[in-house]
Amino acid sequence: MKQFSAKHALAVVVTAGHALAASTQGISEDLYTRLVEMATISQAAYADLCNIPSTIIKGEKIYNSQTDINGWILRDDSSKEIITVFRGTGSDTNLQLDTNYTLTPFDTLPQCNGCEVHGGYYIGWVSVQDQVESLVKQQVSQYPDYALTVTGHSLGASLAALTAAQLSATYDNIRLYTFGEPRSGNQAFASYMNDAFQASSPDTTQYFRVTHANDGIPNLPPVEQGYAHGGVEYWSVDPYSAQNTFVCTGDEVQCCEAQGGQGVNNAHTTYFGMTSGACTW
């Protein structure tokens, strides 16, 4: 498989010309540590939350047997946050959701005007919506000064995006971290997310869309089918580090999506050296 080094990545960004001004190399160590922490939780969700950070308290399980959607409500008292995490694809049932590209009205969030979202992931979201909203409400009532964080990888990333969108209608101070997120909806949905999560700039964004090397999943579903990405993209290239993380705004095809990756590849299953469910970190 073709490897993407930081040197190669910089050459790609510079060659892009119009994209140069919207792409910068390097993020702070604090932000990098935060992205790695959220990636750890998201990758651990494939294996019943193995090896999560010691400050994380494992709470209630989110599960629907018909869609095989899995998630958890977690709490971190050290950072004063309530974390919702979703597992990515783990079964044939999940795969059926992945491949349902039909754009569907986001009816559970009517204030998202004109929004259509990935049909399969919307089915998954609706199947656990009541659980998620009830469990989050319980946690917020017990810890009213805690922030809300939502995260996930792959299918779990898109579920995290839909969940964060829904919760944003009720709660303030929500942060969203996704890893290897497919395109989750149409341009109206992407615009809604950018507005709701202040994603017009890396200085204000609360929507951190993390990609890796030539991960092929962020290229799906195709833009030709009406899909678009939201959020600020943080593109990690190897060897992974704060310095080798690019901040990409504007044209969504300038960083990860420009590398030509297709579908599930090694770059998709591994983020910051952690492979989905491997628990070797």
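FYI, residue positions are counted from 1 along the chain as it appears here.
Each Cβ is built from the backbone N, Cα and C atoms, and glycine gets one as well.
Per Swiss-Prot, the features are:
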ACT_SITE  Ser154  active site, nucleophile
ACT_SITE  Asp215  active site, charge relay system
ACT_SITE  His268  active site, charge relay system
BINDING   Asp98, Tyr101, His268  substrate binding site
CARBOHYD  Asn100  N-linked glycosylation site
SIGNAL    1-21  signal peptide
#### Entry: Alpha-carbon distance [Asp215 (active site, charge relay system); His268 (active site, charge relay system)] in Å
5
### Task
Show which residues of the chain containing Asp98 (substrate binding site), separated from it by at least 6 in sequence, have their CB under 8 Å from its CB.
Thr89, Gly120, Leu155, Pro182
### Query
How would DSSP class Tyr101 (substrate binding site) in three states?
coil
### Query
How many whole Å apart are the CA atoms of the residue listed as 'N-linked glycosylation site' and Asp215 (active site, charge relay system)?
20
### Query
Which one, from the recorded positions Asn100, Ser154, has the smallest tally of other C-beta atoms lying within 10 Å of its C-beta?
Asn100
#### Entry: Distance [Cα-Cα, Å, rounded] between the residue listed as 'active site, nucleophile' and Tyr101 (substrate binding site)
15
### Task
Provide, as an integer number of angstrom, the distance between the C-alpha atoms of Asp215 (active site, charge relay system) and Tyr101 (substrate binding site).
19
### Message
Just checking a number: largest C-alpha distance across Asp98, Tyr101, His268 for the substrate site, rounded to a whole Å.
### Response
19
